[in-house]
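Here the structure is laid out as structure tokens; the discussion comes afterwards.
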Amino acid sequence: MNASTMIGTHVDVRDLVVEFGKRTALDGVDLQLDTGVHGLLGPNGAGKTTLMRVLATVARSTSGSVSLLDHDLSKQRDLRMVRRRLGYLPQQFGYYPRFTVREFVEYFAWLKEMTPSAVPLAVDHAIERVGLADRADDRLKKLSGGMLRRAGIAQAIVNDPDVLLLDEPTAGLDPEQRVEFRELLRTIGVDSCVLVATHLVEDVAVACTHVTVVSDGRAVFRGTPDDLVAAGEDTSDGDSPIERGYTAAIRAARKR
Amino acid sequence: MIPQSRPSTEWRGNHARRTGRRRRFLWLHVRARGVVLAAAGVAAVALVAWWAAGWLVNLEWTGGADARVPVVVGAPLLGSVLVSAGLEGKDEEFERSLAVRWPVFRSIHVAGAALAIGAPLAVTGLWEPRVYGAFELVRNTLGFLGLVTLAAVVVGARLAWFLPFGFAGVIYIATPQPLTEATAWWTWPVQQWSSGVAAWTAAALFVVGTLAYVVLGSRRAHSR
Amino acid sequence: MSRLVARVLKMELWRGTAPVAALSIAVAGIATLFNMSEYWAGRWAPLAENLRMILIVLVPLAAAAGAWQGGRERRRRIGELLGSTARSPWQPLLVSWTSVVLGTFVGLAVTWTAGAALVAPVATYEGRHWWWSVVVAFAGLAAASAVGLAVGRLIPNRLVAPILGIVFYVVGGVATYQSGGTQWLMPTVSNSRDGASYLEPQFQLIQITWLLALAAAALVVVGARRRWLSTVPLAVAVVAAIPIATGPGDGRWQPDPQARELVCADGEPQVCLARVNAFVLDDVAPKVREMLERWEGVSGGFERAIDRTSLSRDERRRAMPGNGPQGDEMPDGEQDHASVTEPGVDLERTVVLDLDNLISWNATLARRSEHGKTLELVVAEAAREAYGCEVGAGVPEAAWTAMSVARLWAAGMSDEQPGDGTWVSQEETQAFEHLRSLPEAEQKAWMGDYLAAARDCDHAALTELAGELR
């Protein structure tokens, strides 16, 4: 954790372009993130998930530079250093149904090349933080959708990541669980960079210190949740101030 | 110069439009269930079976028709394993919510599979149909399909291959030699056509499996 | 191996395909092995040979288990998550493969142990180099599961596992039908040698090298970031495969003189079995002696019985009716071995005991084999085998009758059919009844005349002898 204080910029994306064949998913994104909880908002198909996948080192950029924790992702050796310090919960969360929660989290602790001696404690801690301590020895196939998400979050945070990427983490969580989850995000965000992709605008309003809005493959808004609220003062589309800000940001981008 | 005619649905009657839509749904259904790939697989199996049957019988030291037993068991087994995946949709839960008469579709599906495997295999076994030839190939096709459909009802189509696969594996070796009619009720895949018990068992399996599948459908995968 | 890796392996062992693989291989293995227990009961080397034979079923199971495990990441849609982790992909792959291999190994070990429990208490010969055969069987499962794992990774379809299993079964079947060296590329052995022959350890080491190199190549192809690295194990595999494929087929079997050494029961007349079969000697000897007594007073009658396993190929051929080669089970190419019978022993007056199928699962003499063979019929066969000419269309009907009657007499049959698949005609039964109704001395005289005529191929005399009984 001390390592995080040494890091200049946690996430540094410059002019990122990702193309799948003829389709352009990301079209020149710039993004610099430090510690704190960052919200990534945007309509479906805007490129949120693609951006998350690039940052999670599972998708490759067509052009532009991406560096995480001061390591350039285009270098194979650096990639391994970054991945050790990374936590990722994909939108389509796959799992082995016959593993227990504890086994699943431990398996990922191993995959993240954690120090073996630190693993048992870290696993217990991660499971406790997501509130699954009483279900730790249940098979994953016996868990409900919300519990599965939490098991997914547990594997993401087991290595105390410096960069934590969560793609739609609140899907399937009930209101109470979401409150607890936001609390968890705030604690992790103290000394890590947490990036949460979601289209639940309220989550962002409450839990995030920074917001980025993505539309049509570009970052069209960057600022604090308050900035986003301010941006929406002129419109009436949306049920909450932040929803109005979000709608306004998207519309402004489309007009351009 | 005659202008190139463009296909248009405008002039068609209401009835024609409905059949067109139905045909389109059928085609989508066929594609969604991977029927094309399975059909290609079955064709390949039939060709290999045809070649293997000839090769085995003509080896210098094999004892005639008995040499075809592996083909008579293996080809229908492979065929029914290939079609097993098509017994359920990618999202069975969702498909069932559609206003489609699934029992009708399921019956067509099983009958089509039986025909698609049985017919080409029967053609490959015509030269000596009653001694490990066409008759046994058809019987085993029906029997294995019965096992596949039964397994699909119990464990779901995705794992349905396990039942005929395991069963064939066990009998193929554990069958007491020489073959007797007394064991025909469970060694039906390796019996000759002359064994009535074997034929009836296979037929009964097919009927029971098909009925269960038509009524109940494939077991839905546990929700996730 | 760190404790963490051990725990991860344990997870894979319990949560992966390993338990299913272990169970199905143990069940299929025991079912098939014990279905042919008469070929190995009481004998170490035949147990190993039969373990290799049943691989024709077990190898496909191992391949299917590997393919199922290999397809898991795709079935569970977890590739995305795995791709973001630091550890090189070959490590989880290796752990995953190790778990499947251990599962298949447990299944095979259980199978072998079940067989060994029946062999150990009674075996009379420790066998030669058979444990190498067992090691090859294990290597075969390892290779099959590795290839399966690779194919399961590469081909995105749930049905890969069963289809690969069936393909492996077909390939294995075709391999055992080969007479050349290519049959040894599969770990499967096409037929048992009754423990009278063995395979050279050097040769089996080459087989192990070939199988393990193949496994390594398959794993590197799917596990390593630099796929070209797989050319290294692939090259090793090819180098090992060349001497196997171009070498002899059945000729790889070396005769084991120790296994064929005759062990004789105390007392007279002489009854001897090969050392490898000697555990049934106490069951066999009294019965055979009882039957040899019948020949006392028959001129040229049989006065000793020895195990067919001990005979050289030439001797086996001479023991055949019409002096073979038809019906000779010894495939061409197998190395012959020197005669073990004492010089000067008269093979003509020796009953050749063929105990095939006559040993029951608990390593005692079976009363009647699956095919209806009994020890009595085996011993009586000598009467028919005395016929020294080519068996075929030229043999007159009456000669057949005489041979059949002689056999029935030697077996001490009464009215019933032999029950071993041979059929005694009405005419033969009547002739036999006629012979039995004669006084004993006349019976023996007839038999003596028969033996003399049969050994000389004197068709006229045989016809006359048959005529006497009409």
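Using the three backbone atoms N, Cα and C, a Cβ is placed for every residue, glycine included.
If you check TrEMBL, you get these features:
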REGION    C:310-340  region 'Disordered'
TRANSMEM  C:20-41  transmembrane segment
TRANSMEM  C:53-71  transmembrane segment
TRANSMEM  C:92-118  transmembrane segment
TRANSMEM  C:130-152  transmembrane segment
TRANSMEM  C:159-177  transmembrane segment
TRANSMEM  C:205-224  transmembrane segment
Any contact, the transmembrane segment (C:159-177) to the transmembrane segment (C:53-71), with at least 3 Cβ pairs under 8 A: yes
Contact set, same chain, for the transmembrane segment (C:205-224): CB under 8 Å, 6 or more residues outside the stretch: 70, 89-90, 93-94, 97, 132, 135-136, 139-140, 142-143, 145-147, 149-150, 153-154, 184-185, 187, 230, 232-234, 236-237, 240-241, 243-244
Stretch among C:20-41, C:92-118, C:130-152 sharing the most Cβ pairs under 8 Å with the transmembrane segment (C:53-71): C:130-152
Same-chain residue ranges lying at least 6 outside the transmembrane segment (C:92-118) that approach it to Cβ under 8 Å: 5, 8-9, 12-13, 16-26, 29-30, 33-34, 37, 40-42, 47, 50-51, 54, 58, 61-62, 65-66, 69-70, 72, 82, 134, 137-138, 141-142, 144-146, 149, 219, 222-223, 361-363
